[in-house]
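Copied over from TrEMBL, here are the features:
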| type | residues | note |
| --- | --- | --- |
| DOMAIN | 17-69 | domain 'Myosin N-terminal SH3-like' |
| BINDING | Gly172, Glu173, Ser174, Gly175, Ala176, Gly177, Lys178, Thr179 | ATP binding site |
| REGION | 1111-1154 | region 'Disordered' |
| COMPBIAS | 1122-1136 | compositional bias 'Polar residues' |
| COMPBIAS | 1141-1151 | compositional bias 'Basic and acidic residues' |
| REGION | 1170-1214 | region 'Disordered' |
| DOMAIN | 1554-1830 | domain 'Dilute' |
Amino acid sequence: MEKGHDSCSMAASELYTKFARVWIPDAEEVWKSAELTKNYKHGDSTLHLTLEDGMDIEHKLDDKTKNLPHLRNPDILVGENDLTALSYLHEPAVLHNLKVRFTDSKLIYTYCGIVLVAINPYENLPIYGSDIINAYSGQNMGDMDPHIFAVAEEAYKQMARDERNQSIIVSGESGAGKTVSAKYAMRYFATVSGAATEANVEEKVLASNPIMEAIGNAKTTRNDNSSRFGKYIEIGFDKRYRIIGANMRTYLLEKSRVVFQADEERNYHIFYQLCASSHLPEFKNLKLGSADDFHCTNQGRNPIIDGVDDAKEMCTTRHAFSLLGINELNQRGLFQVLAAILHLGNVEIKDRDSDSSIIPPNNRHLTVFCELMGVTYQDMSHWLCHKKLKTAQETYIKPIPRLQASNARDALAKHIYAKVFNWIVDHVNKSLRATVKQHSFIGVLDIYGFETFEINSFEQFCINYANEKLQQQFNMHVFKLEQEEYLKEQIPWTLIDFYDNQPCINLIEAKMGVLDLLDEECKMPKGSDDSWAQKLYNTHLKTCSLFEKPRMSNKAFIIQHFADKVQYQCDGFLEKNKDTVNEEQINVLKASKLDLLVELFQDEEKATSPTGTAPGGRTRLSVKPKEIRPGASSKEHKKTVGCQFRNSLAMLMETLNATTPHYVRCIKPNDLKFPFTFDPKRAVQQLRACGVLETIRISAAGFPSRWTYQEFFSRYRVLMKQKDVLSDRRLTCRNVLEKLVQDQDKYQFGKTKIFFRAGQVAYLEKLRADKLRKACVRIQKTIRCWLVRKKYLRKKHAAITIQRYTRGHQARCLVKYMRQTLAAITIQKFQRMCVQRKLYLQKQAAALVMQTILRAYMARQKYQGLLRNHKAVFIQKHVRGWLARQRYKRSLRAIVYLQCCIRRMKAKKELKKLKIEARSVEHFKKLNVGMENKIMQLQRKLDEQAKDNRVTSERLNCLETSHAVESEKLKVEVSKLKGIEEEAKNNANRVTSLLEELEKLRKELTTTQKEKKTIEDWATKYRDEMEKMVAELKEQNGLLKTEKDDLNRMIKEQSQQMTEKMARALAEETQQLESDLNEERSRYQNLLTEHLRLEERYDDLKEEITLSVSVPKPGHRRTDSTHSSNGSECTYNSEFAESEESSRHGEDVTRGMDTSLTLKLQKRVTELEQEKSSLRNELENKEEQFQRARVRDDEEHRKSRGAELEYESLKRQELDSENKKLKHDLTAMRQSLLGNAGAGAGAPGSPPYKVLMDQLNSSCEELEVRKEEVLILRSQLVSQKEAMQHKETMTEPVHYVEDVHKMKDSGAITQAYLGLKETNRSPRFLRKPLEANELLNRLRSPTADFHRLNEDGELWLVYEGLKETNRLLEGQMQQQRRSYDNEVEVLRGELQSVKEENNRQQQLLAQNLQLPPEARIEASLQHEITRLTNENLDLMEQLEKQDKTIRKLKKQLKVFSKKIGEMGAGQGETISPGQMVEETVRPVNIPRREKDFQGMLEYKKEDELKLVKNLILELKPRGVAVNLIPGLPAYILFMCLRHADYVNDDQKVRTLLTSTINSIKKILKKRGDDFETVSFWLSNTCRFLHCLKQYSGDESFMKHNTPKQNDHCLSNFDLAEYRQVLSDLAIQIYQQLIKCMENILQPMIVSGMLEHETIQGVSGVKPTGLRKRTSSIADEGTYTLESILRQLSAFHSTMCQHGTDPELIKQVVKQQFYIIGAVTLNNLLLRKDMCSWSKGMQIRYNVSQLEEWLRDKSLMLCGAKETLEPLIQAAQLLQVKKKTDEDAEAICSMCNSLSTSQIVKVLNLYTPVNEFEERVSVTFIRTIQTRLRDRCETPQLLMDTKIIYPVTFPFNPSSLALETIQIPGSLNLAFLTRV
């Protein structure tokens, strides 16, 4: 260790001056701090000191050495992360630094050069979570605070970078935390690297810990979970540095603990776990009980560990066994053997005589032992008390005394346990063995530290021997690193003297060393511990200075180890080294029926490899040399424990020397296990033993303090003058150092760093502090002068002001007195006037009140009289009017009835007369007389009748309308009259009641008049009382008004408070709903992320399978034809289908994994099936009820329809009869005409012929109308009956003819007649009848028989007309038949669709029945919404089609009218309508298609791959973003999709969308790390999604569309499900964009936000330790805040160029700022060197620059600023005052975005950079913790940097018209055709 005067850099008189602080030795605290009260001068023998408690002492210097005490480091260096950063490197500085960090800052890890010092806190700390692992992953070792994860990360990175195996050596004494540190290192590797296979190797590696702790750890006086063996675990990695396996080597298991434990200690945990689980059914056969019942577990007398549940630990152990592949059978066997060991320990052996022993017969514990081990009771009881001796001639059995028998029993128990331990370790290694080739490994060595007790035996000797070897390796490695550093910086290398413990190692392991002599003594027939001790004394006592003999003992020896002297007791060395056990006992166990026990001892004859498990588990059957058998195995078997341990240790050292070591030294702070309690004595003892101080000594011997040139310049810039500052930092530092330090041996200039001797940094810090102190004094002088002058000026101004205000006050007092006198006079005057006026007003008010009451009473009486008269007159008027109306109505009804009767009688007579005349023959004769005249008359009559008919028809129409109006009026009048009649009845009743009431009122009037007089008398009295009451009420009214005002005010205040409360509650509820929505979005998007990860994993596995397997299995992949048309199935679920197909062959393997789970699932399935069946029965019952109700409705409908059909049939018969009658009249008329006229009269041109033709035309017209009616009725009858038949049977219609001679319902008749009337008026049936000219043209045809026509032309003409009519009717009937057939086909199609819909609904119902009730309701609602949406979309499509047809016809009509206008009138007459259509449509359609582009792109199906390839896979985002419109690929894809929708090609739509989505995924997987590519496709995916919404036809998305854009909406397909798929794809792209940005920003954040000095000179750089110099990655360039801002601007401009939605850009920026704030805050919380006042200023300035960037980009409202709030508050916390309770309250209110753990962490880490700053006291931190105790928050320390805010894609319609988009040739899309 260095001395005080050696560590100084100048004369002692310059350092040991007044106020200098030093360390002096102390018996209790090891080292005490003191301060010099007097300057030291050369030659002084004493130092005058003052201790920290104020005591003055004199410290005497050593007379011989004159060594001065160690100087204390400056306060700013106390608490450093690295001990090598201390200016003075010595033991007290190291001890004090560790104490300050441990007790004050609660930091348990500290670097000491290459060593990580870990102090056991005896408390669970939240510093090992996954967030901490992520924070340390990828970081350089010196960049973060010391941590076991930093060491693990360093080892992992060096393994990957140097391709060299690594080792982490964890050492320390029992209870220091070695096992926990090794466990966390392995957890780090398992978390960071992951597994290369799907076998969960990392879980198995971690699962080995509880197993090894159960069988190898125990409670000791120093540690509740002490490892009683050493282990070295090699964690294997593949070429991609993922975990593939592990291997464990164990050393020196403490077997003696199985049979013996000291007070307050326990046996191995597994025994207590078995006892705690003895109540379980599977452990009943072990016959265990409490741990106090067994000798092997009750010797420590304290079997319980606080906070540990052995039963739960047993469950953990069993689960770990299962995870590592040890089946239930083997587990039961292991537990049987372990339970047998407990029972064996309870076997009692008694003395038979002095030389023999016996076990009592039927010993219960031995019986259980034999049952469990499967051996015979007689054999085991015999050989426990006997042994077999062999000589050259014979073999004989000898009994042994009780003591030897007990020792043999214990040896057997230890031997069995060692075998169990080895077996478990072997099986753990088998389970962890790598299945693929191992590329590299990281070894974790958890081995016992240096131990020294009051009694040290063979175990402590082996432990200290191993530590000697490890210390030698450690010293060589430290020396090597120092040499490499000096050579790297090209500094002259001087040999450093360091402690070499090779002599001590030679003493132990060399020839004739301690182990060699021990083995030799073990081979001797009568060797003993005493003889071995004498050999040691004789060999080494005089030759080796490290070997000593105790003065008072001949059975012990002392060895001077590197850490301390240790005295070993020789008793037991030989026995433990030989480790013997009775051979016959082993043979008995080999004959066991227990398979596991046989397996344990099957290799008894062979030796376990030295590199295997615990060397203490070897079997020694004999000690006689004559028993040595020839053969290698026998020789190997006879190796002693010491020899085996030496070989194992040699192999371990060989392994460690072949790796790069990393050292973790665990320190136990106190022996009482108190949390965060530091015992300096125990700590310094361990520091000396573990090599930490040796590291310090080696560092201090050279140049321990090392600065880069930039760090030195930044720190000591204040010591330089302006002229000293040059552009070359190295030259500047050289010039300054030459001026400041005269001795050039105290520093060296390297290539990149300046090297200082010990103490030089403290000297420079002293100069810097002096310079700053002088500057501060000057600043204080100036400020104090300024303050005093300001104070004087304020006092002078105050005096003048006081005088001025005093004089003014006196003047105001005089004026006030004069005003008060005048005011008093005025008040008296007005007060007297007020009294007189008040008396007058009271009298006047009383008179007015009396007058008012009297006049009001008289007016009310008069009004009531007038009201009664008016009501009586009104009643009389209405009663008389009602009576007159009743008389009038009765007479009117009688007159009308008489008229009806008379008219009916006359009509009957007339009808009878007409019928008689029509039937008489004379009538016909009269008709034939004068036929020509009658024809003329008839012609005139016909004309008149036609006119009359037209007039009557018009009148009828008018009458119908007027009748309808009148009927409505009459109905209204009738209703009114009914109401009036009811009212009149009521009024009549009321008249009688009113008369009665009138009589009552008259009687009451008389009584009232009598009472009036009494009331008037009472009124006078009452008036007086009322006046008094009025006065009282006025007073009360005043009081009530004041109360009312108070209540109103209170109500207003309460309402305001309620309003505010409701507003707050509403805001909180809204915020809660928003947070819930964000959580749901986040959860959904996390599921999408996991889905994407599984997809990528599946693709990787598929590629690996493709590479490894040459011929794929047929039928593995599903084709598109097997997919449904559902978009979600066609896209991102397709790969899940593939993965399901590929994993089907593994179902048989996993089917039997968990029987209990399978049974539970089967039970649940049966319950669901029962529920399904019950619901199905209920559904069937509901359907039956519905069918019955529908049958009833159909019957009622059939009855009503039957009446209508009967009426229609009757109407048809009536029309047929009338038609026949007209035909008969016509033939009779023609016959009479032919009989009376000549041949010329029937000529075509004669007048009779014209008359006949006119009549014929009118008759034909009437006949045509009648035929139309008949045809309509028949078609209606047929269609209605068929519809009824179809409705009843739901099958194909059956043709039938029904008798229609049924007519019953008159209401149905009237309804049907009106319907027929309206039908005849419709334009469809107003056909133009055949004209006479057409008939003549037909008669003139060549087929006409002119001769016959000349004979009877009229009849022939009529005959031809009838035939033409029949043909017309037949054609119409055929047309009706065809339409009927078409309707039948349509109905069949509808029936089929209904069946399909029914099947689909049943399937959906079956699926819903399997869901829980809430999900069932939600699913049914979702299905119903989908169905209604589809129906609405179908109706909208039909409406759009009709609108398009109308628009098209209107356009054609305009074109035709324009064409007709251009053509001449003559041409228009000659061109037929059909020709005109043909000539006009042909030239118009061609130019319309050229001008009116529909915004669609057509492509062939075979060009789809080319389209995707050119537009997605091979597209360069940079060229598209710069030269073309944003979102062009999305527009092109949508235009192609529009055409596929236009042609109604569902396959084309599906394949285009599927290939588009898969191609985008493919290009993102290929170029997912390119920000431009990801941003480009995020923008285009969102634009494509917006296009699908904008042109979907949904009104909510069409609000901002132009009419032209509405015309471009999709017409055939509903792509809502594809919109969801695209939305999911956009979410995945967004998350990939965030990850890409995070990868780019991550290296910049810490450097730019924390490390770079944006404000130069504010923060000073403190000295750094060794860890900063040996970072894993060389400096790649420093990032600044400008770098971050430039990168953010680059991101923003790229997204803007790509046309990303503004809202999406805001979300991206918010996520960017969250990452910046979270990463910065996390590093701040893990870096002690960054927690200072100046760093807080730097952070706040950097945050302000980020906010300025937001303002420049107009993004202040995007929420990004709020994400930086935790970082802002942390920076404020670094800058605020931290002393008083008020400061604590301010901090608690200010830091509402920081958690309690984060606030406390920052306060603990706060480190002053300058001497003027102060540390935060522990009391203040506790005050903060107390105030924040009630906060409800998560205990997580770090912010989760992996959080991605849920993203939304607000609808953003495009104003760009699709028809205006031009496709550039650079896209190579010439195969697309514009439509």
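Please read every residue number as a count from 1 along the shown chain.
Glycine residues also receive a Cβ, built from the backbone N, Cα and C atoms like all the rest.
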Under 8 Å by Cβ from Glu173 (ATP binding site), counting only residues of that chain that are 6 or more apart: Arg222, Tyr448, Gly449, Phe450, Glu451, Cys666, Lys668, Gln686, Ala689
The domain 'Myosin N-terminal SH3-like' (17-69): DSSP-derived helix, strand, coil residue counts: 0 helix, 24 strand, 29 coil
In the chain carrying Thr179 (ATP binding site), residues 6 or more apart in sequence that have Cβ under 8 angstroms from it: Glu213, Asn217, Asn225, Ser227, Asp446
Cβ within 8 Å of the mean position of the Cβ atoms of Gly172, Glu173, Ser174, Gly175, Ala176, Gly177, Lys178, Thr179: remaining residues of the chain near ATP: Asn120, Asn223, Ser226, Ser227, Gly449, Cys666, Lys668
Position of peak Cβ density within 10 Å, selected from the binding-site residues Gly172, Gly175, Gly177: Gly172
Overall pLDDT of the domain 'Dilute' (1554-1830), taken as the mean: 85
Neighbour count (Cβ, 10 Å) for Ser174 (ATP binding site): 21
Cβ neighbour count (within 10 Å, all chains shown) around Ala176 (ATP binding site): 25
